[in-house]
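Engineer: Got these off TrEMBL a minute ago, pasting:
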type	residues	note
REPEAT	109-143	repeat 'PPR'
REPEAT	144-178	repeat 'PPR'
REPEAT	179-213	repeat 'PPR'
REPEAT	215-249	repeat 'PPR'
REPEAT	250-284	repeat 'PPR'
REPEAT	285-319	repeat 'PPR'
REPEAT	320-354	repeat 'PPR'
REPEAT	355-389	repeat 'PPR'
REPEAT	390-424	repeat 'PPR'
REPEAT	505-539	repeat 'PPR'
REPEAT	737-771	repeat 'PPR'
REPEAT	839-869	repeat 'PPR'
Amino acid sequence: MCAMLNVVRRKGFRIINVSLTRPSSFSTSTSDANAIIHVLTSSNNFAQATFLAKQCLQNSPTLCSSLLQPLNRANLTSRAYAILLLAFCQLGFVHEALCLYKTLSFLPPLQPCNALLHGLVKTQRFHSLWEVYRDMVSRGFSPTVITYGILMQCCCSQGDSNNACRMFDEMLERGIVPNVVVYTILIRVFCNEGQMEEAECVFRRMRESAVVTPNLYTYKTLMDGYCKMSDVKRVFDLYSDMLKRCLQPDVVTFATLIDVLCKVGDFKAARNCFAYMAKFDVVPNAHAYNSLIDGYCKVGNLPEAMGLWEEMERCGIFHDVFTYNILIKGLCDSGRLEEAEGLMEKMDNVGVLANSVTYNVVIDRCCKTGDMEKAIEVCSQMTERKIEPNVITFSTLIDGFCKKGNVKAAMGLYTEMVIKGLAPDVVTYTALIDGHCKVGNTKEAFRLHKEMLDAGLKPNVFTVSCVIDGLLKDGRTYDAIKLFLEKTGAGCPGGKMDSRFCSPNSVMYAILIQGLCKDGRVFKAAKFFAEMRWNGFKPDMLVYVTMLQAHFQFKHMVDVMMLHADMLKMGVMQNTSIYRVLSRGYGANGYLKSAHMCSEQLMEYGIQFPQSGGANSPMSTWHNKSEFPISLKPPKPKETLRKHLECNRYTKVLLLFRSLLRKRPTPNHIDSFSLLYALKACNHKHSSTQGKQLHALIIKLGYHAIAQVQTCLLKTYAQRGNLRDAHQVFDEIPSKNIVCWTSLISAYVDNHKPGRALQLFRLMRMNNVEPDQVAVTVALSACAETGELEMGEWIHALVRHKQEMNRDLCLDNAFINMYAKCGDVVAARKVFDGMRSKDVTTWTSMIVGHAVHGQVREALQLFSQMNSRRDQDDCVVTPNDVTFIGVLMACSHAGLVEEGKWHFRSMSEVYGIQPREAHFGCMVDLLCRGGHLRDAYDFIMEMPVPPNAVVWRTLLGACSVHGELELAAEVRHILLKLDPGYVGDSVAMSNIYANKGMWNKKIVVRNQIKQSRAPGCSSIEVGSGVGEFVTSDDDHPLMTDK
């Protein structure tokens, strides 16, 4: 018997050794696995037994059920059961582990029990966890500090702080000393629920403990809690305390600091904090960038957000789904829905899977703009991608339909929501109640309100406001007042409120005051107005206008004057509606002097206030307030605008400029510099409407003859692609200088019309306007795009003969780029060799030029020279990511596989450059050209970024050349998922089948092609123009009849 056990034991060790050396070839039967595990556990070889069980499950996940079925017949020991239970949990087979536990008649050891509880928490099976824990305790299980940490993690996920505290107290009663993990979890529970005082209490208790000290994760958890409360001071106090305890901050810590600074609007400090990470050798990741991008998006500063997005690409940091969601929301909030949809398409192209948050953001924007058809279409796309709409999705759509007045469609969505098993929340009911009240269906609104209460949902202040609005519109003023008193606790003895009540806000007061004034109950409205002011709410302009109209109607002139004084005190007088109501009301009631004064203020639009009245008058009282000081010196608006523009406060610039317009628009108040600053701010805000308004103002004030203003206006139209208006602005400039011409030429180049840009350059020369370096550089970029080599050579000759023009580095780089892209590499190299100083752009342009035209030896020699220059002290030039694209292209053209691999590795190892998608594409092309198709496939599968369709298409083309049928079929299957509409993949596959003589499969693939490829076009340069034509083109304008 012992000899038999030794044989089985040796077999088990032999299987383990085979699995270690060749995991993919490892296989064994269920009975063998059970027997070997039994023998190993009986010999106290628990580590080997656990490894064997996990190896079985990893190589064959279907073995889970097979291992469970023969357990009763296998006669396993209790330790073998524990080994299997632990293996199930560690590999994520929580359901199988739970089934195994329920079949056991004994209590497993501590480690498998904790592993099972932890697995249930990770899979959010909280109800099963508490059932299993109670069963374990009933079998005599003694929990440890690790067990309590798992249980408290469950409480944290459930948001149950009471149960977490109970678990903590129970642990102390058992004499178990909490460790840092338990303390941190308890702090996180309180932080998630906003109970910062309780979290601080636990933190102090932890610091006072002689056994446990807070670690970095503890500080990060507490800082994150205060970040959600926007408590900057406390966050940085914790950060300072953390540094004093010699805890090194990580990227998550800095992300929290950046997040809280962005929430309070201190973006300069947030930027400094972002740069400060380098001091601690912390490399920013997507989480840190997301915090900063989110902050800029929330304040509408999309240019800065997009700049950070591009910076992430330059640094090789992958944009995750959170980055996309943040930027999509920012674009939607700014009204740029088309760009947001384009970003969603880009997500699909790069392989980032959109989630429900992505679609909900777009749906919310569609609903806010009233485009419900588009919102439903986006929701359909969501379901097509197997993403189920959640409560937020339905609530957003319901609110959108209710605001459009289509309550019937909203109720249909509500019914569908209930059928799908989604429980409507407070937001859902509030939208429906508001929708029914607006269409006069108050009976249904009250029914929904009752249904909401029966479901155990507590109405918030917006729900109560909607119901009060419905009652007032239904003429039930008494019921509205009664509901207000009941829901706000105003009728409670002593004014005490509990959880049944909600605190009123300014909206609720405004609805009630307007309804009472409309019903003629002015004194009751005045009572609630006074209560509103007493509770610290600032009435808006509409509330003041409503109260003024009501008092004027009933000739309560004393109350009017008191309101007038209150408005002056609150600073809400600068509004035409208020002055218009006051002027008409005073005049209708015989107060002509006051009416005249308000009429004057209406003309001045509230800029200067009347000084009449005695020492006790409301005006005198207001001017004597020290909290409203009056400046004796006149303001300098253009200096203020310039400072805000330099600080990138574009919204503030436009708001200040708008306040200037409230004065009389004279040149003394609005000069050309102020208009220029406003235009520049408008360019950054990408607002076409404001740009046109400023254009009209420029014409009105007579500044349309100033070249600087017109040039900036030209750029405003060009940035939005409106070249017709940009050209019209250019034509209206009386004296066009080189800056005007360059701006227009650059506008056509930026809008991908280089041919028209070169025509303008010729026209500029015909008008005897001499080009400068900037104009020549722009024209050369247009030549590079169109391939007009003769025009580029003419410009080069012009520059050589203009001795007064200083040739700088940027201009020489433009010449190299133009010659290389136009195919004259010899001329490009001549310019390169003649340059005295070269930067990385110079070297890169020449290396890429050689590589693109197949001059591999020259490209690699240049790269070697660039590195040798790098070692010299007088000229340090470091390659960038674009340089390596040229090097890898050169290696690919020459078939230098090993050298290409070496350069690819040196990017990150030597130069610290993270490869981008283009570099991976070059490597795939290199391996495919070298015939290493399997290596190319393995390289694609191991890429850290999701491969796009172009990378796979490169491999498919190589399979066609080398006749790799099996690999080609696998690649085409992947391409059908990535880009099913591209016909070229099917054509390539059909050609492979044809070369192999597999005609039946070729016909099947050909039948699957549903669309034809776009016809190719050819171009020819004739004289100074470039003509394009396609096959069988009979409509060319220069074609002559035979």
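Cβ atoms here come from the backbone N, Cα and C positions, even for glycine.
How buried are the listed features, and what sits near them?
Structural biologist: Through the fold, the repeat 'PPR' (109-143) approaches residues 79, 82, 85-86, 89-90, 92, 94, 97-98, 101, 150-151, 153-154, 157-158, 171, 174, 176 of its own chain, all at least 6 residues removed from its boundaries and within a Cβ separation under 8 Å.
Tertiary neighbourhood of the repeat 'PPR' (144-178): same-chain residues 110, 113-114, 117-118, 120-121, 124, 126, 129-130, 133, 185-186, 188-190, 192-193, 195, 198, 211-212, selected by CB-CB distance under 8 Å and a gap of 6+ residues from either end.
Away from its own ends, the repeat 'PPR' (179-213) comes close to residues 145, 148-149, 152-153, 155-156, 159-161, 164-165, 168, 171, 221-222, 224-226, 228-229, 231, 245 of its chain (Cβ-Cβ under 8 Å, at least six residues beyond either end).
Secondary structure of the repeat 'PPR' (215-249) per DSSP (helix as H, G, I; strand as E, B; remaining residues coil): 26 helix, 0 strand, 9 coil.
Long-range Cβ contacts of the repeat 'PPR' (250-284) within its own chain (Cβ-Cβ under 8 Å, at least 6 residues beyond either end) map to 216, 219-220, 223-224, 226-227, 230-232, 235-236, 239, 242, 290-292, 294-296, 298-299, 301, 304, 315, 317.
Confidence across the repeat 'PPR' (285-319), taken as the mean pLDDT and rounded to a whole number, stands at 86.
Remote same-chain partners of the repeat 'PPR' (355-389), defined as residues 6 or more beyond its termini with a Cβ less than 8 Å from a stretch Cβ, comprise 321, 324-325, 328-329, 332-333, 335, 337, 340-341, 344, 347, 396-397, 399-401, 403-404, 406, 409, 420.
According to DSSP, the repeat 'PPR' (390-424) comprises 26 helix, 0 strand, 9 coil.
Same-chain residues lying 6 or more positions outside the repeat 'PPR' (505-539) and placing a CB less than 8 Å from one of its CB atoms are 461-462, 464-465, 468-469, 472-473, 475, 477, 480-481, 484, 488, 490, 546-547, 549-551, 553-554, 556, 559, 566, 570, 572.
Sequence-distant contacts of the repeat 'PPR' (737-771) (same chain, at least 6 residues past either end, Cβ-Cβ under 8 Å): 707-708, 710-711, 714-715, 717-718, 721, 723, 726-727, 730, 778-779, 781-783, 785-786, 788, 791, 798, 802, 1024-1026.
Counting residue by residue with DSSP, the repeat 'PPR' (839-869) contains 27 helix, 0 strand, 4 coil.
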Engineer: Using DSSP, what is the helix/strand/coil residue split across the repeat 'PPR' (355-389)?
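Structural biologist: Counts, helix then strand then coil: 26 helix, 0 strand, 9 coil.
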Engineer: Let me spell it out: take the repeat 'PPR' (390-424), skip the flanking residues so only those 6+ beyond its ends count, and list any with a Cβ under 8 Å from a Cβ in it.
Structural biologist: 356, 359-360, 363-364, 366-368, 370, 372, 375-376, 379, 382, 431-432, 434-436, 438-439, 441, 455
Engineer: Could you count the residues of the repeat 'PPR' (737-771) that DSSP puts in helix, in strand and in coil?
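Structural biologist: Taking the repeat 'PPR' (737-771) as a whole: 26 helix, 0 strand, 9 coil.
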Engineer: So how many of the residues in the repeat 'PPR' (250-284) end up helix, strand or coil by DSSP?
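Structural biologist: Counts, helix then strand then coil: 27 helix, 0 strand, 8 coil.
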Engineer: May I have the DSSP-based helix, strand and coil counts for the residues of the repeat 'PPR' (179-213)?
Structural biologist: 26 helix, 0 strand, 9 coil
